[in-house]
Amino acid sequence: MFEEKHLWQTSFLWMRYLNYDCVHYEKDKNEVWLAHKKRQHVVIFKQGTFTTQELDFDKDRIVEHQKQIAEFLGYDIKRYDVYVLTDKSFNTVNFNVHEPRQVQFHSIHNVKALRNTTTHPIIKRKLGQKDSKSLKEYQKRVLNQNIVEKAMYRFTPITYAVVAINVLIWLIVTWFTPHHTDYEIINLGALAHFNVVHGEWYRLITSMFLHIEFQHLLLNMLSLFIFGKLVEAFIGPLKMLGTYILSGIIGNLISLALITTSLSLGASGAIFGLMGALIALMIISRRFDQKVILQMVIAVVVMASLTLLIQNVNVVAHLGGLLGGVLVVYSGYFFNQNRLYFYILLGISIVILTLICIKIFMTSDTNIYNQIIQREMHDGQYTEAKDMIKQTYQNGYADDVTYYLSGIIIATQDSKAEAMAEWERGLKYFPNSPTLNFHMAIANRSLGDDKQAKSYIQKAIKASPNNQEYQNLKKELDD
């Protein structure tokens, strides 16, 4: 036997998992209308016992008021399905209509038939389970017209999947991979200017899924859950994913153009892109009342403020992602509404992104591996620094400074002679290195070989003629 709760539970499940909206409710008839704009489909759920005349009137009401229904909804409807939850079966053939619109009646006389109203596995499973929620709770959710609250009820698989991927990667990194030094974090896929200009473009994406600190992960996933659900509910799963990825990439590109000496990781830039997308959607749709806009503004301000609690936060990537989200949504909007504006916006975006990429490659790249090695040496961690140098050699990112640092470590741990041998190996690859030639000059001078020292200092000055320190050493050797 059907209860009124079945009507509201089924309506809610269709709204949550199939993205229908409640567009009408008739209390006297115990009737709920759900509509899906993209499918141009209306589903009507009725619960109770109805006479043949009442059902025939419902059919005529639908058929004869097509124009009014379309005007009310703002779009045409191609198909109506009327599900009558009743203990008294009836012959549906007498009520079905195929022209000008298809109207199909369905006699639902038990829970099994109710489950067969859809092929969605989650809906079918939930309709067959005992449920602790009350009729009033389902009714409140179905009739709720608050855009934000309705969006939060939606089933948003892409948001759940992205959150799960981030958490899974964090667990793998935390439990199974070394991640305590910046060097190890870069090896995991963090974003660094030096690596990107050397062809590792994949870091524009991998860095978006990488978190080290639990606090960072928790804050980002909370923000992603909220703003991801909202954006996915408004524009759909694939568009939400595209907005998320593109915003993160744009934020990372802008960050690389302006910050070249540090590494970056985390989903914050992409999440700010979702915030930017929401701002653009609020402006475009004009369906948000003052209460909803205030809720959204407060949420954005709170989340943006909380990110400042994270150490070494990349504000540039955040702002770049925010801009990226606005840009992506407006591009999609103009593509559907005004192709001229779309092509203008696309052209401007391509020009700006091209200039950003030129800026990235024109900016002198600082070997971030040498920076990390120097920090380890400064902290007295010579063994760790030596291992990092070995990895830098193996990865092909060593330069003359790397050989210089290696020689310093060798001199500290072994002998000056072995340090000089290391610098000489470096000079085979970088014969014009002012750093290596200068320190070879100093080393030879300390051994009393002024002739060899003069030879090295002349090479250093030739490579860097304005270096006063080199000039002073040459003067001392000449005297």
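For all residues, glycine too, the Cβ spot is worked out from N, Cα and C.
Taken from TrEMBL as is:
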type     : residues : note
TRANSMEM : 158-177  : transmembrane segment
DOMAIN   : 199-330  : domain 'Peptidase S54 rhomboid'
TRANSMEM : 208-228  : transmembrane segment
TRANSMEM : 240-259  : transmembrane segment
TRANSMEM : 265-285  : transmembrane segment
TRANSMEM : 292-310  : transmembrane segment
TRANSMEM : 316-335  : transmembrane segment
TRANSMEM : 342-362  : transmembrane segment
| request: Determine which recorded stretch among 158-177, 208-228, 240-259, 316-335, 342-362 has the most C-beta pairs below 8 angstroms with the transmembrane segment (265-285). | output: 316-335
| Confidence summary for the domain 'Peptidase S54 rhomboid' (199-330), mean pLDDT rounded | 88
| query | Helix, strand, coil residue numbers for the domain 'Peptidase S54 rhomboid' (199-330) per DSSP? | reply | 103 helix, 2 strand, 27 coil
| said: Same chain only, please: residues at least 6 beyond the ends of the transmembrane segment (342-362) with a C-beta under 8 Å from a C-beta of the stretch. Say none if there are none. | reply: 193, 196-197, 250, 253-254, 256-257, 327, 330-331, 334-335
